Amino acid sequence: MGLFNVSHPASFLLTGIPGLESSHSWLAGPLCVMYAVALGGNTVILQAVRVEPSLHEPMYYFLSMLSFSDMAMSMATLPTVLRTFCLNARSIAFDACLIQMFLIHSFSMMESGILLAMSFDRYVAICDPLHYATVLTNGVIAGIGVAVTARSFITLFPLPFLFKRLPVCRSNVLSHSYCLHPDMMKLACADITINSIYGFFVLISTCGMDIFFIFLSYVLILRSVMAIASRKERLKALNTCVSHILAVLAFYVPMIGVSVVHRFGEHAPRYIHVFLSNVYLFVPPVLNPLIYSAKTKEIRRAIVRMFHRIKM
């Protein structure tokens with residue numbers, strides 16, 4: 001019990017965008033639009049996959065998982081972001097901040113695992129199409145979903161407890177309108193080496209490995225595609241990967257930028273930290289449904305049919 005008997009503030013104060021405090025009410029509108037697109041777009045994709053029999057395939061089951069993780073990420077940040085920008089209510093209870101931190105990092109890791117699963121789906125579909133249906137059965141897909149979820153929550157479960165053992169006495173003002181572990185641990189007035197090492201280990205052993213295997217899968221995919229004699233068939237095979245590649249870039253590029261800036265950019269301007277963190281959390285949930293709706297004709301057709309049935 002004595003491990004957690006340290007000084008903690010009753011609450012943290014969240015920050016919107018430094019230097020633009022007077023414009024927060026104007027920024028609330030675009031933020032609400034982004035949340036509406038993220039929640040609405042991913043809900044439409046989930047519903048389309050659920051009701052459209054032609055989408056009951058592994059690729060679209062994984063897309064449903066991606067949409068769910070995007071919605072969960074948006075819901076995890078929505079309460080504090082809208083309170084900060086719309087109501088100028090900056091306070092968040094200490095324990096509530098720990099819960100939000102855990103959820104944001106967990107759903108982020110879950111999305112990374114799902115993107116890896118989607119790359120495996122593309123690898124099997126292109127490199128071993130004859131065994132696609134036997135390799136990616138409903139049982140295997142469900143098992144992958146459970147494994148990705150369990151990895152996220154089990155790996156990050158120690159994080160709130162590692163932070164709770166640290167005394168916080170420097171300040172209670174966070175740099176964002178939500179709670180992130182790298183931002184919170186900078187407020188501790190004790191040695192944060194364990195937290196920093198554990199956070200870095202989690203990042204490398206999960207998202208880092210996911211990036212490596214996604215890259216490896218596309219090396220194998222490209223090798224297989226280059227062996228196809230017909231140029232038209234090569235382009236057709238590669239076109240099935242475009243949406244996934246764009247989703248991977250939209251997720252990993254901001255995530256890597258946030259991680260690098262938080263760990264090695266102590267002297268970087270504060271707005272760089274804020275900008276990268278906001279892009280990392282807000283952009284993928286907004287872009288993913290737009291990317292898959294624009295680039296996947298089966299999704300477009302299913303959405304049109306779904307809304308046509310609703311109107312009838």
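Using N, Cα and C of the backbone, Cβ positions are placed for all residues, glycine too.
Annotated range for transmembrane segment in TrEMBL, selecting from 271-291, 292-312: 271-291. Three or more CB pairs closer than 8 A are found between the transmembrane segment (60-82) and the transmembrane segment (271-291), so contact between the two stretches is assigned (pairs 6 or more residues apart). The list of residues near the transmembrane segment (241-265) in space but at least 6 beyond its ends in sequence, with Cβ under 8 angstroms from a Cβ of it, reads 66, 108, 111-112, 115, 118-119, 122, 126, 182-183, 196, 200, 203, 207, 211, 214, 218, 221, 272-273, 276-277, 279-280, 283-284, 287-288, 291-292, 295-296.
Note on the domain 'G-protein coupled receptors family 1 profile' (41-292): its mean pLDDT in the predicted model is 90.
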